[in-house]
Amino acid sequence: MTNRYGVILAAGQGTRMKSKLYKVLHPVCGKPMVQHVVDQLSTLSLQKLVTIVGHGAEKVKAQIGDKSEYALQEEQLGTAHAVMQAANHLANEKGITLVVCGDTPLITAETMEALLAQHERVGAKASILTAVAADPTGYGRIVRNAEGHVERIVEHKDATEEERTITEINTGTYCFDNEALFEALSNVSNDNVQGEYYLPDVIEILKNKGEIVTAFQTDSFEETLGVNDRYALSQAEKLMKQRINKKHMINGVTIIDPDNTYISTDSIIGSDTVIHPGTVIIGDVAIGSDCEIGPNSEIQNCKIGDRTVIRHSVAHDSSIGNDVAIGPFAHIRPASQISDKVKVGNFVELKKAVFGEGSKASHLSYIGDAEVGTNVNIGCGSITVNYDGKNKFLTKIEDNAFIGCNSNLVAPVTVGKGAYVAAGSTITNEVPNDALAIARARQVNKENYVERLNQKKNS
Ligand code: UD1
Ligand code: CA
């Protein structure tokens, strides 16, 4: 098989984004644009992938990691100049080089495969991925001759009025014979409105040499959307969201209102799970089968088992078992481990809390830095007092313990197996197994108090 190489252009600042964040790092459905491109390219069995970095180089490299090699473009003199920076990595190679812009997050591996297939079939030196845009403003236009063959690409800013009426656009994805590409690059000039070295000029250069140049027109303009500003970013977000939601629905997940359901690219959801409106699933999330998630819930980096229900709640960086009931209005903060059949009810906040099987905190609790055994019942309003202003301490509540309502467990402290804590207690010492701890003042009733009070007032 022919060798394949990839180049991603990601050195630009992205001026039109008007942002402190470098353009290609802007997320679409939670994943930076350039990472979407890298992930698609990674499935194409490339011998080498080179990312051209410049603005925010360190941040872009940190994002992509070792999935790519890098070439630095110190000054952004245009897309042709950008590709030229990969010469050290690629110039001596034989094969096909795919060039993709880091700001086209919706491009798919399938479409790039189709482009590569046509390129190889016709033995072209260059093939352009094109699309027909309802509004081609800003894109390079594909100029074809009388026979319909591609002649050249003209940038929007350089185009005549007549050329601007062309609706077939350059998507910014191409494949080239590698040697022909690097040879042609040295002949690109910057004699144009923007004073830049345009990669699209390579097309005309190769054409003038009599080489075969083709265009592969995809019928999905949406997939080729180039994100230059926040409006296009919102369009990309919407399209990506539709793509992700559709994938899950085809896989057997019910999404009640796909327009108002936001699922990160790499999340996994089991069949017969129902996602209710207003649910936001962020980062690395795996949800089992037969769950009910939402409405109005935010789940980030969590692993969730089967048949679990999470309503109107927030859960971050935690693991949640099977048959768990969470919410409404619960907050599961990072490093919590919730076993099977646990209940975390309304207005309960957990932080770094381990809950054993069958344990419950049903109402109005804060349980932080805690190890809760199995079948523990934490009464309404009970809290762990985990922080002395400087350090955090551990509370242990062992199997089958029962914590009465509105108790304070002042850490470090342990409530032993099967022990009871009387309602309203402030527990500062260990409670032995099977004991009852009462830590509050005894009730005193002052009989006929009101009568005596009234007598005092009248005297
Ligand atoms: C480019 C194409 C245009 C095409 C459109 C598709 C050129 C001259 N124009 O226009 O024909 O229709 O993409 O979306 O190529 N970059 C660098 N170094 C540079 C300049 C750009 O790495 O010196 C990177 C940018 O970070 C970006 C990509 O190349 O990821 C495209 O650059 P951009 O300025 O967005 O080009 P467009 O004007 O969109
Ligand atoms: Ca662009």
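Cβ coordinates come from backbone N, Cα and C, glycine included.
TrEMBL annotations:
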| type | residues | note |
| --- | --- | --- |
| REGION | 1-230 | region 'Pyrophosphorylase' |
| DOMAIN | 6-217 | domain 'Nucleotidyl transferase' |
| BINDING | 9-12, LYS23, GLN73, 78-79, GLY140, GLU155, ASN170, ASN228, ARG333, LYS351, TYR366, ASN377 | UDP-N-acetyl-alpha-D-glucosamine binding site |
| BINDING | ASP103, ASN228 | Mg(2+) binding site |
| REGION | 231-251 | region 'Linker' |
| REGION | 252-459 | region 'N-acetyltransferase' |
| ACT_SITE | HIS363 | active site, proton acceptor |
| BINDING | ASN386, TYR387, ALA423, ARG440 | acetyl-CoA binding site |
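Residues ASN386, TYR387, ALA423, ARG440 are listed as the acetyl-CoA binders, and the farthest two of them sit 22 Å apart at their Cα atoms. Most Cβ neighbours within 10 Å, among the binding-site residues ASN170, ASN228, ASN386: ASN170 holds that distinction in the structure as shown. Proximity of the binding-site residues GLY140, ARG333, TYR366 to ligand 1, judged by a Cβ distance under 6 angstroms to any of its atoms, singles out GLY140 in sequence order. Close contacts with ligand 2, defined as a Cβ under 6 Å from any of its atoms, occur at ASN228 among the binding-site residues GLY140, ASN228, ASN386. Secondary structure from DSSP puts ASN228 (Mg(2+) binding site) in coil. According to DSSP, LYS23 (UDP-N-acetyl-alpha-D-glucosamine binding site) is assigned to a helical segment. Annotation for TYR366 (UDP-N-acetyl-alpha-D-glucosamine binding site): spatial neighbours VAL348, GLU349, LYS351, ILE383, THR384, criterion Cβ-Cβ under 8 Å with sequence separation of six or more. Model confidence over the region 'N-acetyltransferase' (252-459) is summarised by a mean pLDDT of 97.
Cβ neighbour count for ALA11 (UDP-N-acetyl-alpha-D-glucosamine binding site): 27 (other Cβ atoms within 10 Å of its Cβ, all protein chains included). Within 10 Å of LYS23 (UDP-N-acetyl-alpha-D-glucosamine binding site), counting CA to CA, the binding-site residues ASP103, ASN228, ASN386, TYR387, ALA423 contribute ASP103, ASN228. Taking only the Cα positions, the spacing between ARG333 (UDP-N-acetyl-alpha-D-glucosamine binding site) and ASN386 (acetyl-CoA binding site) is 15 angstrom.
Annotation for the binding-site residues LYS23, ARG333: lowest Cβ count within 10 Å of the residue's own Cβ, ARG333. Geometry remark: ASN228 (Mg(2+) binding site) versus GLY140 (UDP-N-acetyl-alpha-D-glucosamine binding site), CA distance 13 Å. With every protein chain in view, the residue among the binding-site residues GLY78, GLY140 whose Cβ has the most Cβ partners within 10 Å turns out to be GLY140. Every protein chain considered, the tally of other Cβ atoms within 10 Å of the Cβ of ARG440 (acetyl-CoA binding site) stands at 15. With the fewest other C-beta atoms within 10 Å around its C-beta, ALA423 stands out among the binding-site residues LEU9, ALA423.
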